[in-house]
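Have a look at the structure below before the remarks.
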Amino acid sequence: MSRSSSSSATTIVVLALILAGLCSQCHGGGVPLEVGFYKGKCRSADVEAVVGGVIKAWIMRDPTIVAALLRMQFHDCFVNGCDASILLDGSNSEKTAGPNLSVRGYEIIDAAKAAVEAICPGVVSCADIIVMAVRDTVALSGGGRYIVQTGRKDGTVSLAKNVNLPAPSISVSDSIKAFAKKGLNAADMVLLLGGHTVGVAHCPLFQDRLYNFQNTGKPDPTMDPKLLASLRARCPQNANVNNTVNLDQNPFSSMTVDNSYYRQIVLNRGILQIDQELALDPLSKSTVAAIANGFDFSKKFGEAMIKLGGVEVLTGDQGEIRSSCRAVNKGTK
């Protein structure tokens, strides 16, 4: 074997081992996720390219979908795993839970599902479509293009009462514990919260930091004074407003997946309480500082997203492949 061939083979083996490790928390009757799961299952069709085409068309019309889909995947994976249960309609489904009322982008997943069903019916899961769609929006928004593993099945249960997501005011230590329950470590948590670099927040989620932080009757003393003044103008006290503000306060980067969010929070310009505490808490501030100072955010963010996509997945004979992402298949109990 030539040196170049040997090197290529070694690279492939190493990549396979890395991806296997990243999905160590996956379960599904012993059937692991894999890169290229759909290759050969839809004749010559490239399922990931079909989904990517739909996403590219959407993001050209609305670049904010990157934040919407990142949030959708996080909210899906943190509740019963990455099983697309957040997509199911119903009077008491996950969609109806308070934290999910502002989740959007369902029609984008519907469009991607319709596109793959047209060429390959009954094969591609909605859970995989979410993961592929998020990867593509990240890549099209300036982030690195990471490799996704596929082979998930769709869940059949979606209950609002099961939705228990970390609150914007959660402490760093409690956030680390919440992520650990999903097989994600402290560094993963810091990296995944980097999705806030393209996110927005409504005034009520951080208004206490502006006027009555921890019931002191005063603003959060850690907030940059100029930012405080700007946010107070946007979110007046005792006013019934639900305005939004960018979580990345760099106006030139609020739609780009990069490390700008971290550079803002080290300057005390975090919007949500958890954002600012990431830069101040001894448990996370060194990681934040490293990312803000040029750490390879795109690569590491992609690795964290791969791990998130492997949380409590259904594979093999578990779950189903939904015909419609909004409803379980007929006959499913």
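For all residues, glycine too, the Cβ spot is worked out from N, Cα and C.
TrEMBL names Asp248, Asp258 for binding Ca(2+) 2. Of Thr197, Thr216, Thr287, the residue it gives for the same site is Thr197. Within the set Cys235, Cys325, the cysteine that TrEMBL bonds to Cys126 via a disulfide is Cys325.
Of the listed cysteines (Cys26, Cys42, Cys203), only Cys42 is recorded by TrEMBL as the disulfide partner of Cys120. Taking the Cβ of Cys120 (disulfide bond) as reference, residues of its chain lying under 8 Å away and at least six apart in sequence are, in sequence order, Tyr38, Lys41, Cys42, Arg43, Ala45, Val47. Each residue in His75, Cys77, Phe78, Asn80, Cys82, Ala84, Ile86, Gly155, Ser158 lies on the same chain as Asp76, Val79, Gly81, Asp83, Ser85, Glu94 and has a C-beta within 8 Å of the C-beta centroid of that Ca(2+) 1 site, without being one of the site residues. Considering only the recorded positions Arg71, Cys77, Cys235, Ser85 (Ca(2+) 1 binding site) has Cys77 as its nearest partner by CA-CA distance. Averaged across the domain 'Plant heme peroxidase family profile' (32-329), pLDDT for the predicted model comes to 96. In this structure, the CA atom of Glu94 (Ca(2+) 1 binding site) is 22 Å away from the CA atom of His196 (heme b binding site). For Thr197 (Ca(2+) 2 binding site), the spatially nearest entry among the recorded positions His75, Cys77, Val79, Cys325 is His75, judged by CA separation.
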